[in-house]
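The transmembrane segment feature in TrEMBL is assigned to 29-56, 68-87, 93-113, 189-209, 215-238, 333-353, 383-403, 415-436, 448-473, 485-508, 534-553.
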Amino acid sequence: MDIEARHEVSVDWKGRPCRNNKHGGMKAAVFVLGIQAFEIMAIAAVGNNLITYVFNEMHFALSKSANIVTNFIGTIFLLSLLGGFLSDSYLSSFWTMLIFGFVELSGFILLSVQAHLPQLRPQKCNMLSAQNICEEAKGFKSTIFFIALYLVALGSGCLKPNMIAHGADQFRKDDPLQSKKLSTYFNTAYFSFCFGEFIALTVLVWVQTRSGMDIGFGASAAAMAFALVSLVSGVFFYRNKPPQGSIFTPIARVLVAAITKRKQVCPSNPEFIYRGQANPLNNLNSINRSHEGAPHANKIRFLDKACIKTQDNEKESPWRLCTAAQVEQVKSLILVIPIFACTIVFNTVLAQLQTFSVQQGALMDNRLFSGSFKVPPASLQSIPYIILILLVPMYELLFVPFARGITGHSSGITPLQRIGVGLFTVTFSMVAAAMVEQKRLESEKPISILWIAPQFLVFGLSEMFTAVGLIEFFYKQSLAGMQSFLTSMTYCSYSFGFYLSSVLVSLINKFTNNSFTHGGWLSDNDLNKDRLDLFYWVLAALSILNFFNYLFWSRWYSTSIQPDGEYVVDTNGEEEQRMAFSKEGGN
């Protein structure tokens, strides 16, 4: 068994201990990057142009169509929690991806069939025509559509956290060289994501526009099939983390033990808490090693009582005496919740770019430079990914070494700093969107679709910082056996962001309903009569307020971690011990 196995057990496809020269590393991660690129290609082509299909073919009202899309995408990311739980507890990342990859594939196939057969859709009708009253999809037609849609959501949701975690698991954290490559992997994974999005929003959306949504959904099914081929092709090279049983049991034990011992006095020095356990912390770095680098947290010290041994000569139940690793992991889960919450508004902005901004572009002059070539509105979302395909390698090759020389941090800047940069810059995406929409409403003739590009460009730049920083931050806080679940929390942020978008649309319509707006800013099927620009200004204000909120919580998180340094422990005549607590991952 290799060195890492003392902390994390890694096995090959037959359950045997991994060999360093054969398993893991970038040669294994490249197959995971392949499934990520193809899967995002398949789901992005559907999700980013879904509002066009729901509105034009299924005949749902515009605001309802937007909510169907945001609820669908929100459900995908919410189900990532299920995927992370099943992987860490029972199935492992590989089997979770394989099983739910086929579930997602079946959803794409059913969507393609539904879009191809006229008897499964309402009769064709122009939703923008004032003379027509279009029949909304109901009954069996609606049922088939939503079954297909949520098969895709179930499969994609359970895949997402496992793709990131399984790829990161290929790098041994006890090997300094491979550990350093972990940050590079996260940037490469984001590049793979951008490439898949770019192909989806150009080639596949073009196929949908030119050949029909049935062919477009079929193309997504083909991309998903290639994703599964990529996954299976790397089976001989993967380092696999076996499931550890229910990940919630240790969390419940800590909470129960802390409550049971609530009357105990918690020592000021953590060494006194952890002494006397089966694996006492009796060396310089044992606190860090006991929970895979997660630093000791000096907040929520109530939970430390779960480690206090009250029966010196008797073995206590695991529901009364917990390990330092279990306590620190529960603390870590609690401490990251405010960071997680601060990214919800960010993903609410993303929801607008995939719904209202697509409809916004549909009302503009989509001829490119006054030529005959027309840009599909959904392809506007490819703009940030075109730029990011160039920026991500530059970030890794130029910015990271430059910043590393200044900060000394292996990633150039810390994950928390990276998230903060993204949360600040996303504000300007909504500012640009509001100004362009105001100009479009005031213009007597359709303005060029190129005016909408800045809001996508700014968001893409902010996403490069926020998305990658959040995934790296969460993965580094996780204990062995919980990587997929904690990574899934980053996707859960997307879910809450899209659900918040639906809530905001409903609330905006409710509170702006008066004789001038005739039902609210976003109540009409025609954006020429709505006030989308005012809605964007509201989101810009929420984004800047959210940034200042993040500054408070990120500082709170940083100060909750035991600062660097060492102190002498009074052990009543025993040998003095020096303890050093690392801030890695905390700043």
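Using N, Cα and C of the backbone, Cβ positions are placed for all residues, glycine too.
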Inset, instruction - Report, as numbers and ranges, which residues of the same chain sit near the transmembrane segment (333-353): CB under 8 Å and 6 or more residues beyond its ends. - result: 70, 73, 251, 297, 299-300, 381, 416, 419, 422-423, 426, 429-430, 433, 455-456, 459, 462-463, 466, 470, 473-474, 477, 486, 489-490, 492-494, 496-498, 500-501, 504, 535-536, 539, 542-543, 546, 549-550, 553-554, 556-557, 560
Legend entry - Residue numbers, six or more beyond the limits of the transmembrane segment (485-508), whose CB comes under 8 Å of its CB atoms: 63, 66-67, 70-71, 73-78, 80-81, 83-85, 87-88, 157, 160-161, 164-165, 168, 247, 333, 336, 340, 343-352, 355, 467, 470-471, 474-475, 477-478, 520-522, 535, 538-539
Legend entry - Surrounding residues of the transmembrane segment (215-238) on its own chain - C-beta under 8 Å, 6+ positions past either end: 12-13, 22-24, 27-28, 30-32, 34-39, 41-43, 45-46, 49, 94, 97-98, 101-102, 104-105, 108-109, 111-112, 115, 166, 170, 200, 204-205, 207-209
Inset, instruction - Run the contact check on the transmembrane segment (189-209) against the transmembrane segment (29-56): 3 or more C-beta pairs under 8 Å, excluding pairs closer than 6 in sequence. - result: yes
Inset, instruction - Return the stretch with the most CB pairs under 8 A relative to the transmembrane segment (93-113), choosing among 29-56, 68-87, 383-403, 415-436, 534-553. - result: 29-56
Legend entry - Range from 383-403, 415-436, 448-473 with the greatest count of C-beta pairs under 8 A to the transmembrane segment (534-553): 415-436
